[in-house]
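As written in Swiss-Prot, here are the features:
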- 145, 204: Mg(2+) binding site (BINDING)
- 1-86: region 'Probable methylated-DNA--protein-cysteine methyltransferase' (REGION)
- 87-318: region 'Endonuclease V' (REGION)
- 178: site 'Interaction with target DNA' (SITE)
């Protein structure tokens, strides 16, 4: 379903190339750069990507300012004072911490392919491929969790198979930051790397409960051609009617209790996913996600050098993929 190019897309470098287009004597805003990436929702993520810029003399992030024309912060030992010095050096006038004639020196004419637009188009396609037939088996259940330390991603998979539990870990760099609605492009590559033909996969995230009906669990289930369920802890922007969660008038998820949000990823419908997770087997499935989360934290703490993990009564060897 997805090409390797999309799975490993380096959005950070793409942004840095946009920043390098800003001429001396001009500035752009975080929102301007988000628009150039293809979605204004990425503005906060633009700030994060600029904050980890390790080459400030090559990538002139001092030319990026808040939307109100204030100078703003600068990740430099001298802070905003150094940012003002560089802007003044470029010929920009600053008065009381704000750029004079802001709109006249504001640059928006980026040469861009709007990559986030293309990713949204792909999500619409994936959403349309969601299969709501209850075509699933619980023979092998895999729960996935991914966490990050700067741009390094640490993933874990806990598998339940015929009464036995296995655990696997994988780590890799991720050059795609968190952007609301685009989590799959940050995390799916980790799930693909660990996936081994399990018949049901559980994802810490949403399925069709997503603006384009293509959350991480749907992205993974459709791409891997397997059944999947998304289990999340935080509610996205949707309509709540009792236990039903609606996107654009369509029931796309269920609220189980006060803290569990369930949405089908693939090969299962909303009602069946909610029923399955609410019953006894579902509680056991949720425990697999908790184990995967704990394993991921340990994976990070050991900088990817984990050798063993004790599941209370089980001393389970970890296989690193």
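Positions of Cβ are set from backbone N, Cα and C atoms, glycine also.
Projection of Swiss-Prot feature records onto the structure.
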| residue | record | Cβ within 10 Å |
| --- | --- | --- |
| 145 | Mg(2+) binding site | 27 |
| 178 | site 'Interaction with target DNA' | 14 |
| 204 | Mg(2+) binding site | 22 |
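In this model, the region 'Probable methylated-DNA--protein-cysteine methyltransferase' (1-86) carries an average pLDDT of 93. DSSP assigns residue 204 (Mg(2+) binding site) to a strand.
Assigned with DSSP, the residues of the region 'Probable methylated-DNA--protein-cysteine methyltransferase' (1-86) fall into helix, strand and coil as follows: 43 helix, 6 strand, 37 coil.
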